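Student: Quick one: the structure is below, questions incoming.
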Amino acid sequence: MSGFVGVIVSDPWLQSQLTQVELRSLNSKFVALKNQSGKVTLEDLPSVLVKVKSLSSSFKEKEIKEILGGLGSDYESDDDLDFESFLKVYLNLRDKAADKAGGGLKHSSSFLKAGTTTLHTINQSEKGSFVLHINRYLGDDPFLKQFLPLDPDSNDLYELVKDGVLLCKLINIAVPGTIDERAINTKRVLNPWERNENHTLCLNSAKAVGCSVVNIGTQDLAEGRPHLVLGLISQLIKIQLLADLSLKKMPQLVELVEDNEDIEEFLRLPPEKVLLKWMNFHLKKGGYKKTVGNFSSDLKDAQAYAYLLNVLAPEHCDPATLNAEDDLERANMVLEHAERMNCKRYLTAEEIVEGSSYLNLAFVAQIFHERNGLSTDGRFSFAEMMTEDLQTCRDERCYRLWINSLGIESYVNNVFEDVRNGWILLEVVDKVYPGSVNWKQASKPPIKMPFRKVENCNQVVKIGKEMRFSLVNVAGNDIVQGNKKLILGFLWQLMRTHMLQLLKSLRSRTRGKDMTDSEIISWANRKVRIMGRKSQIESFKDKSLSSGLFFLDLLWAVEPRVVNWNLVTKGESDDEKRLNATYIVSVARKLGCSVFLLPEDIVEVNQKMILILTASIMYWSLQQQSSSSESSSSSSDSSSTHSTTTTCTSTCTSTDASPAPSVTGEDEVSSLNGEVSSLTIEEDNEVSSLTIEEDNDADILSDITSISEEAANE
């Protein structure tokens, strides 16, 4: 059960100020420092803390050194600092960084920022709106209705999220069908493993719908940490509210395209910009002289709301609204008008006047859904006739979600548009191959000069060639011009390399050779075979994969408890294949795999996505062996710092997935040790005929060499 402990500190206040992801990161830095010189002093800290993301943008190493020099009354320069003192120093610097960035900012809502998942101050108004949203959309849920409605003024929300069911259900409300609800553990009382599985499923599924969860771990959700819970819920509600703001889902939006505007330019707009464009379209109709450019200050006087509602619902219009002299009075009249239109309140009049960005966005989105006022005549036939390459759309979605999951500073709304200046690609390349980018030669957005964009993209192509990507006749200008085929080709090679790099990082004891497709296939076949299952594949194009049975066998082989065979079909008809595929995606995420494919990719045997899914399962399985091996060899270090025994590489997901106990109740290291053990397989391949001998070296990949030989012979 050690996987649930996390990094524990004795001071409750310290524990509450940092997420488990932050604690693990800081703990690893502290342990590394201590291992270097035997102790950690103030003088050691500047060179380490300047590399921490939350501080690097605010301070240089020299500035940190000066700040730490001012702590002399609390610490001597040569004092041996313990971990908690180290954390206090970090928090001191973090507060100063926040003050330097602008003290007023840390109390304002940051939920509108795409990459935000951490908010250390709780906005009670926003929390109340989230609770009302949950009561409204999940009140009739067969499982949750026994716990709903929640009281907005209580802490019931934080208690209810602790078993993971509510968040999983909320993801399906935001993007229907994301989670196969058969994979959710919904007993009234869940054990710690079952709760952890739900949280792991939640976080991996949240990433798969576009949420940023880089600062959230399963332990944070299990504890119901308010700022993280609200940060995740706000992203899910925002995704739900903005889901229809695209031409693909609502062709009527083409009416917003102005005569001098390119349809392609409109397609590139993020949903928030489309919503503002829609609002200004109607305001112009109603004679409003200003242009609304944000969901905060431009709406504080409620005049824009009054004009908007008068255009959309003139039958409920009250002339006194525009004549009101007091902003608060006008805001109240606007809300009364909205209620007559059947728009439930997301905010109060005070919150309109205060300029709450998130609540205003939610309110405008609700008005849009209730009555968008757009034409339903032939004007939008062009949007309906637009032909889209379905596979291109799927690929763009997959790479967009993958990039956003990496934790880079930028956020991608549209791959083809957002990568054209080269900056995001440089950020991604640096994640895959740290240190490969020459940032001194890179230009950060906004970039006005076209040649600077070309320079960025040229560096991307140069690094790609150094990584041995297939980039024949590809130049940086091809990316700047938005060549979709070349962009998708580059991103596929980057995503594949990233996954193989993760696998390679676990092969250090076999001289770090590059992993090949054939080795991944051999590993998967062997894993299934040693468990006595009959399914095998020859390649990632094997048509038998469409039934889903091989992946279910593989998932069961790496962790038997995650697959409920009573829910599995024979995979013969199209409907049965889709049921299995949907279940596979959710089970893989529940296990701890960060995957972005769709069930259709399995049914149609999309070779690229099949490779990534198989490699993700392999990585998870081998990572558990690595964690077990490292925890046994470094238990003394772990006990001295109260660190979790489960380690995570810098590029792994932040879901803290812990290996569930196997069917036999034993740890996979001893009972299902396909990677660690030397296996003798009798001819009948039955489980009872397996002889497993312990490998004294506990090498997590001791059988990779034999797999490589098998692959070569094949």
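Just so it is clear, glycine is given a Cβ too, placed from its N, Cα and C backbone atoms.
Marked as compositional bias 'Low complexity' by Swiss-Prot: 628-662. The annotation compositional bias 'Acidic residues' is assigned in Swiss-Prot to 681-694. Look at Swiss-Prot and you will find 7-55 tagged as domain 'EF-hand', backed by sequence analysis. Among the features that Swiss-Prot reports, domain 'Calponin-homology (CH) 1' is placed at 124-241. Annotation comment: Swiss-Prot describes 269-372 as domain 'Calponin-homology (CH) 2', evidence class sequence analysis. Taken from Swiss-Prot, the feature domain 'Calponin-homology (CH) 3' applies to 393-499. Annotation source Swiss-Prot lists domain 'Calponin-homology (CH) 4' at 514-622, citing sequence analysis. Per Swiss-Prot, the feature region 'Disordered' maps to 628-694.
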Student: Most CB pairs under 8 Å with the domain 'Calponin-homology (CH) 2' (269-372): which of 124-241, 393-499, 514-622?
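Tutor: Ranking 124-241, 393-499, 514-622 by Cβ pairs under 8 Å to the domain 'Calponin-homology (CH) 2' (269-372) puts 124-241 first.
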Student: Going by DSSP, how much of the domain 'Calponin-homology (CH) 1' (124-241) is helix, how much is strand and how much is coil, in residues?
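Tutor: Across the domain 'Calponin-homology (CH) 1' (124-241), the residues distribute as 77 helix, 0 strand, 41 coil.
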Student: Which value does the mean pLDDT take for the domain 'Calponin-homology (CH) 2' (269-372) in this predicted structure?
Tutor: 91
Student: According to DSSP, how is the domain 'Calponin-homology (CH) 3' (393-499) divided among helix, strand and coil residues?
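Tutor: Helix/strand/coil tally for the domain 'Calponin-homology (CH) 3' (393-499): 68 helix, 0 strand, 39 coil.
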Student: For a three-state summary based on DSSP, what are the helix, strand and coil counts in the domain 'Calponin-homology (CH) 2' (269-372)?
Tutor: 69 helix, 0 strand, 35 coil
